[in-house]
Amino acid sequence: MPVVKGGVWTNIEDEILKASVSKYGLNQWARVSSLLARKTPKQCKARWNEWLDPSIRKIEWSKDEDEKLLHLAKLMPTQWRTIAPIVGRTANQCLERYQKLLDEAEQKEAAAALGLTGTGEASAPTADSVRRLRPGEIDPDPETKPAKADTVDLDEDEKEMLSEARARLANTQGKKAKRKARERQQEESRRLAALQKRRELKTAGINVKVTTRKPGQMDYNADIPFEQKPAPGFYDTSEELARNERERAAFDPKKVQLATKRKGDQDEDADRKRRKNDKEGSQSASLQEALKAGRMQKMREAEQSSKRRALVLPEPQVGEGELEDIVKMGMIGERAGQMARESENDATRGLVGSYSSLNTGAPIRTPRAPEQEDHIANEIRNIRALQETQSSLLGGENTPLHEGVASTGFDGVAPRKQVMSTPNPLATPMRSGANGMGMTPGGPGATPRAPGQTPLRTPRDGFSLNSVGDEVASRQQLLKGLAALPKPKETEWDLELPEDQMEVDAAEALEEDASERDRREREIREAQEALERRRRTQVMQRDLPRPAVVDIDLFLKHADSIPDPSQSMVAREAAMLMANDAIKFPAAGVKPARSSKVQVEQVDDAALAEARLQVLVEAGSAPKPEDVQKAWDREKSNSLLLGLACYDDDEEEEQVAIMRAALEEVQQSIVSSAEKGNKLEKKLNLHHGGYKQRAEMLRKKIGEASEALSKANDALSAFKTLAVSEEITITRRLEALREEVAYVSRREREAQELYRRIREESDHMPVVTNGYH
C-alpha cells in the first residue's frame, strides 16, 4: 500500500529537519527528505522557508508593517512573493495578515450596523474563529503551522526514522558506510583477479613477480623491518645460553596469568570509562548546543520586539541663550520702570508703560497633537470598495476612494508618512484681541506679525510708539503725493544715433577671446603657408631631385646664346628659378650660396594661375609617346650625360682653363686645410702636453707595478711550494725523531731493567768478607 506523504509536522520531524539542514545545506532537499519518511523534498523546503528559518519574524505585526503591507498590496495585487521580502515576512504570513485585516474591518462594519453584540456564543465570530479548522477538515498549509507535540509512546515508523536519522547525522567525518563497503569489495575483486591471472600464467610456465612496493618504500609482506643480521662466522653463545637459563628459572606461569588478567581488567575498565565519558560528553554537548540555540532565538526575538517606533519630539521654540537674554532684558526693563516711577517728572512717569501684563500668566502646557488619519482603515475601505464594485462594462460612476493625504499614496514602495509635530502654543490665536483674522495675538509677549522679529523680545507698548502700521501709512502718503503731481506735457522727442558709430563702439567694447584670436591667427598663417607653397616651383612642390650646386653664370650665358628670344627668356627664367630654389631651399648637407644676380620677380597669383592653365592647354598637344620613346632612346645611347650638352660645344682651351682653375682651387683648399691642421696640432700640444706627459709617467708606473706584481706572485708561489715541502719534511722529521726517542726510551728502560736485575742479584748474594761468606 503506497504511503501518502504530508500532514501535520511533529516536533521530532522539525528537529531532524534542522539537524539535516545544518549538515546538508539548503540545496540538497532530496537528502534531507530521505531522513523523513513522511515528507517530500518540496514539503521540507516549504517547512524551512515558512517556519523553521531563524530569520523569520514571528512577533506581532506593527502598525508600520500593516501600512506597508496594504500599500504594497495596492501597488502589486496578489504578488505576495514579491511583497514578502520588502515587508520582512513570509508570503504566507503576508497573505494571512491581509485577509485578517479585511475580515476584522468587515466585522467592525457589520457590528456597527446590525451585527451580533452578545457575549459568548451569542457574539459574532472573530476573524481567527472563522479561519480555524473544523472537525474533519485538513489543513492545506501544515508547513506554516506550529509543530505538534510528541506523544509519549512513539510508533515503530517514528522510532525507525529517529534511529536512522541519528545514525546518519552522527557520521560527520570520513566516507559513508556504503561507499566504504563498495570500495572494499572493489579492492577485493581486483586482488582476486590479479591472483587468478598469476595462477594462470604460472600454470603456463610464466612466473610473474609481484611488486607491490613503491619506489623508496618498504614491502612489509616480503621484507623484515628493523632486521639486524648476525655477524658472519662463528662466535661464542655461552653468554646467551646462560641468560636463557636464568630467564627460564625465573619464569612463573601463575604470575604471568595473574598479570594478564589484571591487565585485561584494567583495559576493560578504561574502555568502559571512556565510553561513559564519551556518552556523557555527547549528551552534554548536545544539551549545550540546544541551550545555546534557545538563547540565540530568545535574543533574536527580544531584538525584534525591541524595535519600536522612534519618539518624535518637536524642536525647542526658545533656546537656553535666548532664555537668558529674555531674563536679562526683563530685569533691565523692571529697573528702568522703577527709576521712571520714582522720578519727580510727571511726563516721564506717564510715558513709561507697564509691560508686566503679558499673556503668559497661565502655565504653558504642551497641547495634544492633532488626531491623525487612520491609513489602515482607509486602505481597507478602498480595497473592500474595489472588491464589491460592479464590472466596468456596465458603466456608471467610479467607486469613491479615500485618496490624497488620507491614504498611503502611490509615490513609491514605502507608504506616505504623516509627519507628527507638536503645535506651537505661541503661534496660535489666543485670548487677546488681534487686528486680523487668524493672526498672532498682538499684545505684549506674543509672536510679532512682521518677519524677522523675535517673540517675547520686543513687546508692543501701550502708546503705539512702535506701531507696525506706521510704515504702511507713510508709504500710502508718499503714493498720494506722487499721484497729486501734474501730468507731464505731451512732447515727442526723436533721438537718432549713427548706426556705424554704434557698431564700432560695440565692436570696441567687445573684447576678443584669446583662444579665438589664436585660432584665427593660426588659420591665417596656415592659409599664407599654403599659398606660399603653391607659389613655389613644381620641383619643390613635388619634391623632385635637383642639382646640389647651380652655376648661374653658365646657365645665363647659355640662355643668352639661344637665338630664339622666347626660348632664351624661358631658359633664363628656368635658370633663375633653379638658382632661387638652391638659395632658398638648399639640399641637405649643402651650404646655401649667395648671389646678387638671382632676382626672381614676384608674379601675381592670378597671372600664375593663368600661365599654368596655358601650360596645361599646350601640354594637351604634346608629342606622341612613340616619339618621346625614340628621343629617350637616342639620348640614352649618347655617351654624354644629360644636362652636359652645353659643355659639348666649348673649345678645348676653355675646358683646360676650367680644369686648371678647378685644380688651383683644390690645391688652395688643401694648403689651407694643412695650415689649419698644423695650427690645431700646435694648439692641442699646448693644451694637452701636460696630460700626455702625465699619461706617459703613469704608463711607466703601471708597467713597473705590473712587473713587481708578477715577481711578487712568483715569490708567493715559490714560498707556497716551499711551505708544502716544509710541512711534508717536518712530518717526516717528526716521525724520525719520534722513532729515535722511542728507541732511546726503550734502550733506557732495558738498561734500567738490567740495572735493577743486577742490583737485586747483588743484594741477594751473601756478603764476602776477607774471602769468607
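The first residue you see is number 1, and the count goes up from there.
Quick reminder: no glycine exception, Cβ is built from N, Cα and C everywhere.
Quick look at what Swiss-Prot annotates:
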type: DNA_BIND; residues: 29-52; note: DNA-binding region
type: DOMAIN; residues: 57-106; note: domain 'HTH myb-type 2'
type: DNA_BIND; residues: 80-102; note: DNA-binding region
type: REGION; residues: 114-191; note: region 'Disordered'
type: COMPBIAS; residues: 129-151; note: compositional bias 'Basic and acidic residues'
type: COILED; residues: 156-203; note: coiled coil
type: REGION; residues: 219-321; note: region 'Disordered'
type: COMPBIAS; residues: 240-255; note: compositional bias 'Basic and acidic residues'
type: REGION; residues: 338-372; note: region 'Disordered'
type: COILED; residues: 648-754; note: coiled coil
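Outside the compositional bias 'Basic and acidic residues' (240-255) by six or more residues, the chain places nothing with a CB less than 8 A from a CB of the stretch.
Long-range contacts of the DNA-binding region (80-102) within the same chain: residues 49-50, 56-57, 61, 65-66, 68-70, 72-73, 127-128, 131, 141, 144, 376, 380, 383-384, 413, each at least 6 residues beyond the stretch ends and with a Cβ under 8 Å from a Cβ of the stretch.
The coiled coil (648-754) scores a mean pLDDT of 90 in the predicted structure.
Break the compositional bias 'Basic and acidic residues' (240-255) down by DSSP state and the numbers are 14 helix, 0 strand, 2 coil.
The DSSP breakdown of the domain 'HTH myb-type 2' (57-106), given as helix, strand and coil counts, is 37 helix, 0 strand, 13 coil. Shown for the compositional bias 'Basic and acidic residues' (129-151): DSSP residue counts in helix, strand and coil, namely 6 helix, 1 strand, 16 coil.
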